[in-house]
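Asker: Sharing a structure with you now.
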Amino acid sequence: MLQAHTVADVRAAEAALMSQVPPGSLMRWAAAGLAAYVREVAPGSGPVVFLVGTGDNGGDALFAAAELARERFVAVAIADPSRVHVEGSYAAQAAGCRLVDSPRGFGVVVDGVVGIGGAPGLRPPADAWRATIEAERPFVIAVDVPSGVDVDGATVAGGSFIPADATCTFGTYKNALLVDPAAGWAVRGALPRLIDIGLTPYLPAPSIEALQAADNRLLLSVLGSTLDQRGEAPTQKYTRGVVGVAAGSTAYAGAALLCVRGAQSGPAGMVRFLGEQDLAARVVDRCPEVVAHTDPAERGRVQAWVVGSGGGDEAAARLAVALEDEVPVVVDADALQHVPDRFDVPVLLTPHAGELARMLDVERSAVEADPLGHATRAAERWEATVLLKGARTLVVAPGEPARVNLTGSPWLATAGAGDVLAGVAGSFLAAGADPRDAGALAAFVHGAAAVVASGGGPVTASRVADAVPGVIAAWRNGTLDESQVRDWRDR
Ligand SMILES: NC(=O)C1=CN([C@@H]2O[C@H](COP(=O)(O)OP(=O)(O)OC[C@H]3O[C@@H](n4cnc5c(N)ncnc54)[C@H](OP(=O)(O)O)[C@@H]3O)[C@@H](O)[C@H]2O)[C@@H](O)CC1
Ligand SMILES: Nc1ncnc2c1ncn2[C@@H]1O[C@H](COP(=O)(O)OP(=O)(O)O)[C@@H](O)[C@H]1O
């Protein structure tokens, strides 16, 4: 599991580590890692300018500038000469770095204005440097985090920040490097470079986690509970879990099918469908494995429900029925507007930004500007797990590290993809995962399936569902490669 930590936790770990090593060691290690990263992402001998702020972030930049000045033309722009990192400044001067007053004219800019000590937004002269960068569009490498973002909140609330093409961070990821909207401005692609400076043993539980292709332990632990004593084969369909789908409506018949196909593609052993006669007949026609029920009183036993995708006016009644069964429930789409004040069963709420905005009675733009804050608010408000869909889907449960999903493709933003996701999540719930694990596992395989099915081009939600079983198999077998799970070249 990939991890991010809050600024306070990073500072506490840094203090503990610093007491064990010679003074200045951490900054030297950070600067060496930064210099190597600059060589890698901006190779050659072209000029580079380092923007240097008043804190240790500027110190990292100055030591890296000194190292690179042996190989290429290096300039430094100092925000406030009266408050510059003294040893770093001597090192840069001794190495022959040229002093400049702005990044104007440079093709490569290293942003060492502020790191984890920065308040959101930029002060002079960094705000003017930002304007120059915006006008000239050089290649920007951020030191630790892009300057001006809100590091813990992962927002760009200050309004003024320096977008980066690449980021080199130290010790652990920070929230702003994994969670949107800040993360989208930290790097082109998925992940910043993480330099190991020996902080790990001193770090507490993370604030953010992300599943990775290389780590299938969570998947195996959920699948393990559905397999026989030797962990080899499912004992029978009921031990794998039965998922009930009460989705779709006359107006949105396709949502029923997509949700069912999602549910079938996950680990559960059986899918029941609950809906009116015509819809049930269409579902069974297309998915003959499904057992359909038209009378809620005769709905059959399930281990989890999925309710609401394309549910229209029927969503409220279906949700009430599902909640009677005292099993975990995925609450999606139309059902989200009918949630009770509190739930007596484990629940996974799966809104997109617009749906979450309606639930919380705020503007959609407010949710998009601060997805982590709003998902956390909803999780606390309903004491439930919230899966907030987006380019980097969040899964937030009260009192637990939030999870962010790093699989997927921009092509996944297609009609019906959310219905498939709700079905997959229901399947994991029925197989025994708790809502937080079910949400994270479903988002991961759904995103990876989109990459496999899309091949870099447009894809339909049905094809995403079809690709899910293969992704689960590859992940389970340890053959899923990190490069196969995300396609973010277009972002
Ligand atoms: N922790 C670790 O493990 C390691 C940490 N390391 C490095 O240290 C960095 C943290 O250094 P840090 O604590 O000195 O804070 P930093 O980010 O330089 O910012 C504070 C300075 O900026 C100023 N300032 C504030 N807001 C501003 C704004 N909006 N616009 C402009 N200026 C602003 C603020 O001024 P003040 O508010 O005091 O007037 C203060 O002077 C960290 O990110 C990493 O790079 C590595 O060396 C090794 C391992
Ligand atoms: N820019 C994007 N990049 C990657 N995935 C995205 C992006 N935007 C949305 N998604 C994903 O696409 C799916 C869309 O779901 P949703 O909004 O519910 O659509 P629908 O209601 O049509 O099914 C979600 O899984 C979401 O995480």
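Backbone N, Cα and C atoms are what each Cβ position is placed from, and that goes for glycine too.
Keep in mind that TrEMBL annotations are predicted by a computer and have not been checked by a curator.
Copying in the features that TrEMBL gives for the protein in this structure:
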DOMAIN    10-205  domain 'YjeF N-terminal'
DOMAIN    220-475  domain 'YjeF C-terminal'
BINDING   A255, G310, H352, D419  (6S)-NADPHX binding site
BINDING   K389, G390, A391, R392, T393, G418  AMP binding site
Asker: With an 8 Å cut-off on Cβ distance to the K389, G390, A391, R392, T393, G418 Cβ center, who else from the chain surrounds the AMP site?
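Answerer: Everything else in range on the chain: H352, L388, L394, N405, G408, A443.
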Asker: To the nearest Å, how far is the Cα of K389 (AMP binding site) from the Cα of H352 ((6S)-NADPHX binding site)?
Answerer: 5
Asker: Return the count of C-beta atoms lying within 10 angstroms of the C-beta of A391 (AMP binding site), excluding that atom itself.
Answerer: 19
Asker: Only counting partners 6 or more residues apart, tell me which same-chain residues put their Cβ under 8 Å from the Cβ of A255 ((6S)-NADPHX binding site).
Answerer: A247, G248, S249, S309, G310, G311, A333, G416, D419
Asker: Report the residues of the chain - excluding A255, G310, H352, D419 - with C-beta within 8 Å of the mean position of the site's C-beta atoms, for the recorded (6S)-NADPHX site, in sequence order.
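Answerer: For the (6S)-NADPHX site, the extra neighbours are A247, Y252, L258, C259, G308, S309, D332, A333, G416, G418, A422.
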Asker: Looking only at C-alpha atoms, tell me how far R392 (AMP binding site) is from H352 ((6S)-NADPHX binding site), rounded to the nearest Å.
Answerer: 11
Asker: Measuring CB to CB from T393 (AMP binding site), give everything in the same chain under 8 Å that is also at least six residues away in sequence.
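Answerer: Set apart from T393 (AMP binding site) by at least 6 residues yet with Cβ under 8 Å, we have L387, V404, N405, G408, A443, G447.
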Asker: To the nearest Å, how far is the Cα of A391 (AMP binding site) from the Cα of H352 ((6S)-NADPHX binding site)?
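Answerer: Computed Cα spacing between A391 (AMP binding site) and H352 ((6S)-NADPHX binding site) is 10 Å.
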Asker: Taking H352, K389, R392 as the binding-site residues to compare, which has the smallest set of other Cβ atoms within 10 Å?
Answerer: H352
Asker: Any idea which of the binding-site residues G310, G390, G418 has the thinnest Cβ neighbourhood at 10 Å?
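Answerer: Counting other Cβ atoms within 10 Å of each of the binding-site residues G310, G390, G418, the minimum falls on G390.
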Asker: Out of R392, G418, D419, which binding-site residues lie by ligand 2, with a C-beta less than 6 Å from some atom of it?
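Answerer: With ligand 2 as the reference and 6 Å as the Cβ limit, the list reads G418, D419.
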Asker: Using DSSP reduced to three states, classify H352 ((6S)-NADPHX binding site) as helix, strand or coil.
Answerer: coil
Asker: Under DSSP, is A255 ((6S)-NADPHX binding site) part of a helix or a strand, or is it coil?
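Answerer: Once the DSSP labels are grouped into three classes, A255 ((6S)-NADPHX binding site) ends up as helix.
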